[in-house]
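Take a look at the structure set out below.
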Amino acid sequence: MAAASPLDAFVKGTKAWFADAEEGWMQGTMNASSISDKAVKLTFTLESGKDISFESTMDKLIGSKFADLPPLKNPPMLEGIDDLSNLSYLHEPAVLHNVKLRYSQQQIYTYSGIVLIAMNPFAKLDLYSPDVMREYSGKRRGELEPHLFAVAEEAYRALIRNGKNQSVIVSGESGAGKTVSAKFIMRYFAIVDDLDKKATISKTSEIEEAVLATNPILESFGNAKTTRNDNSSRFGKYIEIIFSKGKNVKITGAKIRTYLLERSRLIYQPATERNYHIFYQMCAAVPAAEKKQLGLGKWSDYFYLTQGNTGTIPGTDDAAEFAITQQSLSTCGISVSNQWDIFKVCAALLHLGNIKISGTSDAQISDDDSALEQACSLLGIEKSDFKKWIIKKQIITRSEKIVTNINASQAGTVRDSVAKFIYSMLFDWLVKIINKNLIKDDDPSAQFIGVLDIFGFEHFKKNSFEQFCINYANEKLQQEFNQHVFKLDQEEYVKEKISWSFIDFNDNQPCIDLIEGKLGILDLLDEESRLPSGADKSLITKYYQRFGVPTQKFFEKPRFGQTAFTIKHYAVDVTYEIDGFIDKNKDTVSDEHLACLNASKMPLLTEICIIEAPAEPAVDTKLGRAPTSRAPKKPTLGSIFKQSLVSLMSTLRSTEVHYIRCLKPNMAKVSFGFEPQMVLAQLRACGVLETIRISCAGYPSRWTFQEFADRYFLLVKSNAWAVDPKELTKSIVTAVITKDDLYQIGITKIFFRAGQLAFLEKRRSEKLRECVILIQKNMKRHIYSSQYDQMKKAAVSIQTAFRGYRARKMYKEEREKRAVTKLQAAFRRHLAQSQYQKSLNAVLYMQSLLRTAKNKKTLVSARRNAAAIRIQKVFRGSQERKLYKVQQGQIVLLQACIRKRKAVAELKHLKAESKSVGKLKEVNYKLESKVVELSQAVKSRAEEVDALLEKVSQLESNLASWKEKFTRVDQGTKGNADKLAEANSNLKAELDASETSKNALQKENDRINNLLKKKDAEIETLTAESTKYKEESIKYKEEMLKLREDIKTNIGRPSAVAVPSAASTPEATAGVVGGEDPAIAAALRKEIASLREQMSRLIAGKWTRDRVADSLLAVSNAESAAASARPTVGSSMNQHMQMEVQAAIAARPRPVSVNDFAVPLERGSRISMMSKRSSTQELPPDYDSTSNADRILNVLQDKALEDEIIDSLVTNLRIPLPSTQTVATRKEIFFPAHLVGICMTQLLRNNLGVRMQLLLPNAMNAIQNLTMKFEDDYVSAFWLSNCFELLCVVRTIQEREAREQQRRRMQGLQNDLDSANPEKALEQIRSDLDILLMDIYHGWIKELKKRLANMIVPAVIENQSLPGYICKQSGGIWGKWGKSATSSQFTIEQLLNFLSKLSKTMRCYYMEDSMTRQILTELLRVIGVSAFNHILVRKNFCTWKRGVQIQYNVSRLEEWCTTHGIAEATLHLQQLLQAAKLLTLNKTSPQDIETIFDVCFLLNPTQIKKLLSLYYAADFDSPLSPELLKIVANRAMLNEKSDTLLLDLDLAPDFTKPSTRPVEYIDRFIPAWISLPNIAIIASNN
């Protein structure tokens, strides 16, 4: 049942809050209560041990609607919640406690409805890296931990989605971190486009850099060190970041508005504070030459810089900051000359402050004042005029101008006013120039996101005009904020169609009217400022008369004194001192000084001092005429600020606003120090508590039906559990809450009044406790029953064991007695045997000694006789050998002399023969005849084998016919059994004979094969001989050169008669050559080339001997047929050379190796392979073998070949699809690479290296264009494999070409390809292929990462595969707007299928193993890093059940890696695995923390601290105590600077290209389904 009264919640053990002077609020536990119909007394014990009592009457409580009761503490489940609006009890102590708890866990961001509370940590945290930005990109607000990037992302998405301008208001007091927060938000907007594309953060554009460069400029000229902040913004600014419209949203410009620069800081700084940063930067960093020109010295030399007695900031380098300022000015489009003019103005202002004003009654300035002279020189103004109007003033009346002297104090004020005026105008000019350069096209309809960095509410001991303006601005902003919150709440109620009444909240419009209304504070201030005799005293008097009335509730006069007034702001009452109001409001210079400045010789000064004319006066609509003309009024600072504030409010109302409230946790700026009273005051001032009050007036707690039913279903009986969450929700609230006004049921959510969530949580805890007690009762009964059964069973077992032990003991004693008896008998027998053995051994020993002595004597005598005989034998043999050697030497000498004489004669004869051309031809003819004979022998052997095979086939056919006859006979009648038996025996005999004949033929076939092997050996011998003749042909070439010279000398002589004999003398041969045409010499050279070709074919053609032999045999037959028609030796030689030339043309010489030909496994396989290749691609019908070389040359030079490669072989190629059923062979995958390699080979053979350098890059460009589309993975995998295969083919061609060049150099031949430089061309192609391989790899990896990015978190983190550990809280349960958690979009099985499919694709395309491993390892690294980073920013997600689920998913990934042979990739998953283990480990004691650090050794302390701070204690799980979090935080602080929170997703290892391998055979395979006629022609001759 529902609580009848709020007092029912106060039971023993209830915790409540009590006000405390130091801690703000202190927690107390109720230990006694006394409640009656008239009085209430509640006793509590505070945390400090002090007892406190609450006493009141029942009537008083009812009258206040029980609001006087102590504020109750929220249930444990809401401790440290990230959204304050979700607290069940929404009140001041609950907000303070929650913020303090989160801050102690180093979680500086907390939501409060639509507001983000940002606590300044006063420490550098790793929360703003690009990796953190990437995590928040594309995520909904509330999905991850609170962060200012979440607010920025929400604004950016709303801009794109709705097309409505956005604003982000960053407010807070000085030192709260407003400037840093605004800076990071702008940084996020600058790179969000790259984050949205899941790409690496590239270099920002020029306009984006300019937008970011505005921060250093504005900080240098507008920020200063204060007691609260080392970099405090002394002005407000609103930066409109302009975005382009359309799909690609990018920053196109920016516009800056500034508000209320603190001008007085230029002339005065309190103790420990500084002036604006730019002055100290100039003193520290301006070069010596420029410093001399500007007259600058140390900062301590200037009055305007020494009043705070602080010139440096710890940890800040002013010189480095000055360089950044200069660079930023250049980035924003301000020239270097203008920059130095700006610095001149700043230096002049410092010299102005050093002008010495003397005199008691009338002010005086010395003419020799160096500061005055330096300031006027820098500003380019007249010193006399400037000096005059400092110490004098001019009063203008209707009839005359009166010049009077002023005192020294007034002169100092005038000097300071001029300085403030110049600096404020300079600051405004800077903003104007920045805007001019940032806005290229001023499009009024452009969409923008505005970032408002404005001062927060200020309340000091002494408050002046600046604090008044600041608080006035905050009143306006707070009003807009309240209306915005109210509007959102009402829209939510209307959307859900619930019954609601108007929410009344405290509106601060009366306070705003007091300030800006007609005849309000600002109007009276402006009126008094325009009066010549206006003073602060008269102003305060007008305030008292106008507002010091009882009806004005927001103005108050002080009790004592007449110099102050109090305004009751929404946050706190602030008392303002009236001193200086008039002067600060005027804040202008005299007309004389303004004319002096406008007459300056410095163009910059005249430009910045131009005051814009005020707007034309409006027509008086009541009188129907314009007002009378009068002198234009100078605008006061208050009116200017009011107008700018009105403009700002108008802009904010036209945008969708997002709020960030920055809080300063302590005055000492200690890291993570917390001063409760200070934070509480800021919470009141920033409007957070006001927001909570508005929320409490309605229904602050909102849950979706599914979430509510999942958590509170156990509050009703199981028979009331409905399938529909809405029905179940109704059943729960109807059974638990009886008052209808405490909740409202909408369309998708249920709404609760404040406190009802805590009531439901309490009922749930009680229900769970009852269930636990019931389970414990039954478990204890079961345990004790089991213990009794175990004890009974144990007693019986003990008895049994004891009885067994006693029986075994008796048995053992009996066995020992019998054993002793046996041992005695055995021992006695042993003693007798030992005595006998000793006697026997002694006798045998004596006998052996005697026999040994006798045998030694006999041995010595035998050795002496044998030695004597051996000595005699050796001596006699030595004498005989000496005699034999002498005779042998004489005989050898005689033979050598005789053989020498014969050798000398033979040498002379051979030298004479070697000079004869005919002799060489004879040797060549002999070699050819031997080759022909061998070919004929091989052919005859082959014919014999064919005959034998034919005979075998004939016998087999006979055998088959006989078998057929036998079958027919077998089907005859039984009466012919005898005949059949006889025929059967005959058939068997014939069959045996056939088998015998077949075996004989088989043996004959083996014999022939052996003969063939012998012939192969002979061919190898002939090859060696041909090498020998090859050397002789070189000598013959030299002889030919000599003969050519003889021909030139004998040109006029008659032709010599040819000698008909082939064995003619050298002289005859020379005559023959000399008598022929010079073409004969060329023919002879070609003949030599032909012989060289034949020898090279013999060397390389070990497995193509049939083709070589046939061709040589054809040539030999042609020679023998033409021999009868040869009238002379010269003509026969000419015909023979012509035939050799034709043979050389038909087969052009090329670099070959043994690897160019496939080795056949059996006879005839080469022919079948060639026929198979030729069948795949038919040649053109007009193909002629006689013109093959010319045809190939034409094809290589034709543009059609390039088009065919690019179009048919690359762009429009039908790639074989990967399949496990029909696996494609390597040649079916790599045929593009091999065909391109064949074309390269032919281009090099035909000296077309330049053509190759043009064709190959075009083909590679086509491959790159095709693969960069990333239409499917198989395209990238196919071409990645082919590119590497082509790289290997190019390496093989390169090595082959190098060997050919070396062979040519060794032979002394000229290299025809030297002009084309093939080595350099091939090296360039290899380099281009390397680049193409890298581009395809990195592009494909990038595309795979994009596709994988959407799968990682759902599959690895959110997917719950283990049924026993399902978590119903999937992270969105605490969302303010109740976005229901949906099931995981992807599962771990789908992720593994994606990886398996990718691995299979690469395997089907025969990709190199190292590349496959690198690709899969990189993807697994991305999985591990992305999942780990997501856990570190996911809120309300880190439970122990989640840890178990993640461990299971990671184990599935590790199992996949092991089965696919990439076990090293599991190393990238270890950090994720250890993070999951951390969630499952115990966390209740310091020893557990040490265990966590030992187990999670790969995680740094910062990451462990973050995970523990995010740990969410589920039901009956122990939450982490603050003491343990402090221990972890202390360990993390030791390495906080070096530790990184998130892993770097872009830190990928470099791609390691596999080592290229030589290709054994460049395949000419062309699939039948592709038409490549030009490549087929080239491949046919390869």
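Each residue, glycine too, has its Cβ placed from N, Cα and C.
A TrEMBL annotation is a machine prediction, not a hand-curated record.
These figures come from a predicted structure and were not determined experimentally.
Taking TrEMBL as the reference, the stretch among 369-391, 645-667, 691-713, 1082-1104 described by the feature region 'Actin-binding' is residues 645-667. Listed in sequence order, the residues Asn120, Arg228, Asn229, Ser232, Ser233, Gly456, Cys662, Lys664 complete the 8 Å Cβ shell around the ATP site centroid, once Gly172, Glu173, Ser174, Gly175, Ala176, Gly177, Lys178, Thr179 themselves are left out. Neighbour density for Ser174 (ATP binding site): within 10 A of its CB lie 19 other CB atoms from the protein chains shown. Around the Cβ of Glu173 (ATP binding site), 23 further Cβ atoms fall within 10 Å across all displayed protein chains. With DSSP states grouped into helix (H, G, I), strand (E, B) and coil, the region 'Actin-binding' (645-667) comes out at 9 helix, 8 strand, 6 coil. Averaged across the domain 'Dilute' (1272-1536), pLDDT in this predicted model comes to 83. Every protein chain considered, the tally of other Cβ atoms within 10 Å of the Cβ of Gly177 (ATP binding site) stands at 24. Long-range neighbours of Ala176 (ATP binding site) (same chain, six or more residues apart, CB within less than 8 Å of its CB): Ala118, Asn120, Asn229, Gly456, Cys662, Leu663, Lys664, Gln682. Sorting the binding-site residues Gly172, Gly175 by the number of other Cβ atoms within 10 Å puts Gly172 first. Of the listed binding-site residues, namely Lys178, Thr179, the sparsest Cβ surroundings within 10 Å are found at Thr179.
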